[in-house]
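**Q** Can you keep this structure in mind? I'll have questions shortly.
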Ligand SMILES: [K+]
Ligand SMILES: [K+]
């Protein structure tokens, strides 16, 4: 099916090769760049595995670090990191959107036209044009973010160069949801500065909400037609899920911690800390608080939320919001005795339901295996291991502080999770998926007992 | 649909009421019986919540205990326990088979005829006749088990009454997979006695492999037709999965523990301990070894295996073997580029695939929520909590020894899990499921991005 439709433009094997090639080259090139002595602070040297880990962490915009960024990298190193985050984030946003566009069969002409300017172009030039669009959008967002933050940072940093550099780095780190920091303690220096946190949250959300959503919002704002503009089902589901999770987690963290970590904080401090932590758990991984201080129920909840992750076709990882939403809807409608899922006056395609379940169960088994391996290789309690695995798979980058203590095997497991979390389980399965076969024959169906 | 087909015999509301009623009455009656002073050893008193916990544990044939059975209950108490386990096990085997028979639409006439003698009987008398069949089968298995074990136990216990009582109790506890013990240390007194362990494993497997499988094997053995006997798809899938899991877990435990817990054991001791632990993890919960001594990877693996549990329509709990098998097959066939699951020259019904995924994800969220609640209410590390939750949901009854330390809320959470694990997620969802609606209208389908 695939070969027939898209074969002449971009044969399947080549598209797989392209993606793998893109990653292998990008990882090797970044590792090389980050290994250059000029990228390091004087007297600092970086082992191969630590350079590799940092490269994968930056390309997958996860933000887990085995070495302290601030103490290891020079200003040149910072620029290399920004460059790698930038192209990591844009690459993956492009890839996610692109895979959906070519392999999500039966996508309406409208969606295609929205995202690709010319329907008749070949898919390779489509990919390039898509990447240009995404790059432009992200750079505009980042530039505005850097300008606002840089100007505001003049109050923190005596030199304007320093203020704007911190503004630029934070803006890129937040928008790409990479979560790297050059303060040495993430966003904790701004723990009482609600303006910085507010701008950062906006940038995080713009990166994590998904490229198609941004495009549709742009079209909505510039829409001058006779009829009201209609958002796609995807945009509605992912946006509602995204913000529902943010609200749910904010409230949960507040309730679980108000007499724990927040015991000596004012209500608005606790409220803002909960909100920021909730937003950053979607995928960014920046924090205004030492996450290891949270109590276990909060840490478990955050692990689950990192596992869920951000919107598809965004810079975020995890199983993605739509996958989680489809699972919840499917269970809810089943319990109500319905056989179809009707939402926003549309029906969900049964194939998408199967896909969602495959993604969830594969991801769960993958993370479960990773936790089991790490519990074997690392002499650490279970909670930080679970948290670290969820953080890597969700490319979130929060950590209870065990990343630098990991053994070599442990680091490789986390590297693999960041990679898979990044390209997404569905794309991952797709990469290893054989060519779709015509069903030439059928066997009789037979019911079995389930559950 | 339901109402139309079965309404005249057993309206839906009544069947739900019947099941709930059965459980509430059975739990209350058992709690009452276990609270009788005559059921206790002299000088022992039992709190209400502990009696309730023991009753639910016995009815759900889980085997988790908040009080040591041996030190708490008198011989009368032992008989009450055996009685409760017996009817708990049979009740649930009947219920599982029954729900499948009436609500699993499009079940072949052959399967119906196999299990119910008369196709035209009303469903209530069908339920009674089914229960009789199951009772007879289980009692025969238990009697043979008790006879063999009792005779053999003459070598352990001076008085024949004592030997046969131990034989009877172990036979019932193993066949119903209840896992209660009156030795005070589970099967550890027989840790070097391979004969006792072998017989116990056989009894456990007969209880946990599923009633339809036993019936089909019986038919196979008495089959004298012209054509070879054909096992149903259900029997093939559940049996293969059951034994595949047993082998996989045995080997895994052996490899994970050979230089840990098994370091000072001979190879055949380690082999037998791995095998027995693997079988008992399916659902029985008896053990020849202190499970808390195992290393964390082993405990995580065992938790997953308890979560998976035994065959449907058996005395075991968890998500059930077929559910897990369908998930694996679905992912495997998807990765191979196929849109249907073909196995044993049959095709799996897509509705069964959806059901399997609903069961898995609901069960996972349920257990995740339970772990989070317990991590809040109990001052315990995560590993024993995860293990306890998996054990309760899988109605397995293995524990790292925290059951008696649980808070009242903790005990209630475990009671709820044993109950749901027992009746099965699918039956549970079915119980709360609204009447199936005719789909009078449809909305257009719209694709969304998944994963
Ligand atoms: K991140
Ligand atoms: K049990």
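Each position is counted from 1, following the chain as shown.
Positions of Cβ are set from backbone N, Cα and C atoms, glycine also.
Whatever TrEMBL says is automated annotation, not expert-curated.
Copying in the features that TrEMBL gives for the protein in this structure:
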{"type": "TRANSMEM", "residues": "B:20-39", "note": "transmembrane segment"}
{"type": "TRANSMEM", "residues": "B:46-67", "note": "transmembrane segment"}
{"type": "TRANSMEM", "residues": "B:79-103", "note": "transmembrane segment"}
{"type": "TRANSMEM", "residues": "B:134-157", "note": "transmembrane segment"}
{"type": "TRANSMEM", "residues": "B:163-182", "note": "transmembrane segment"}
{"type": "TRANSMEM", "residues": "B:194-215", "note": "transmembrane segment"}
{"type": "TRANSMEM", "residues": "B:235-256", "note": "transmembrane segment"}
{"type": "TRANSMEM", "residues": "B:314-335", "note": "transmembrane segment"}
{"type": "TRANSMEM", "residues": "B:356-376", "note": "transmembrane segment"}
{"type": "TRANSMEM", "residues": "B:382-400", "note": "transmembrane segment"}
{"type": "TRANSMEM", "residues": "B:412-432", "note": "transmembrane segment"}
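How buried are these features, and what lies next to them?
**A** Listed by sequence, the residues of this chain that lie at least six past the ends of the transmembrane segment (B:46-67) yet keep a Cβ under 8 A from its Cβ atoms are 23, 26-27, 30-31, 33-35, 40, 81, 84-85, 87-89, 91-92, 173, 176-180, 284-286, 315, 317, 388, 391-392, 395-397, 399, 403-404, 406, 408, 411, 414-415, 418-419, 421-422.
For the transmembrane segment (B:134-157), the residues of the chain that approach it from at least six positions outside its boundaries are 86, 89-90, 93-94, 97, 163-168, 170-172, 174-176, 189, 195-196, 199-200, 202-203, 206-207, 211, 214-215, judged by C-beta separation under 8 angstroms.
Residues 57-58, 61-63, 65, 69-70, 75, 78, 81-82, 85-86, 88-90, 138, 141-143, 145-154, 156-157, 196, 200, 203-204, 206-208, 280, 283-286, 310, 314-316, 395-398 of the same chain sit 6 or more residues outside the transmembrane segment (B:163-182) yet have a Cβ under 8 Å from a Cβ within it.
Using a Cβ-Cβ cut-off under 8 Å and counting only residues 6 or more beyond its ends in the same chain, the transmembrane segment (B:194-215) has close neighbours at 89, 93, 96-97, 111, 114-115, 133-134, 137-138, 141-142, 145, 148-149, 152, 170-171, 174-177, 187, 232, 234-235, 238-239, 242, 272, 275-276, 279-280, 282-284, 286, 288, 310-316.
Panel annotation: around the transmembrane segment (B:235-256), residues 205, 208-210, 212-213, 216, 262, 270-271, 273-275, 277-279, 281-282, 294-295, 297-298, 301-302, 305, 308, 310-312, 320-322, 324-326, 343-344 of the same chain, lying at least six beyond its termini, place a Cβ under 8 Å from a Cβ of the stretch.
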**Q** Compare B:20-39, B:356-376, B:382-400 by their Cβ pairs under 8 Å to the transmembrane segment (B:314-335) and return the stretch that comes out on top.
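**A** Per the Cβ count, the answer is B:356-376.
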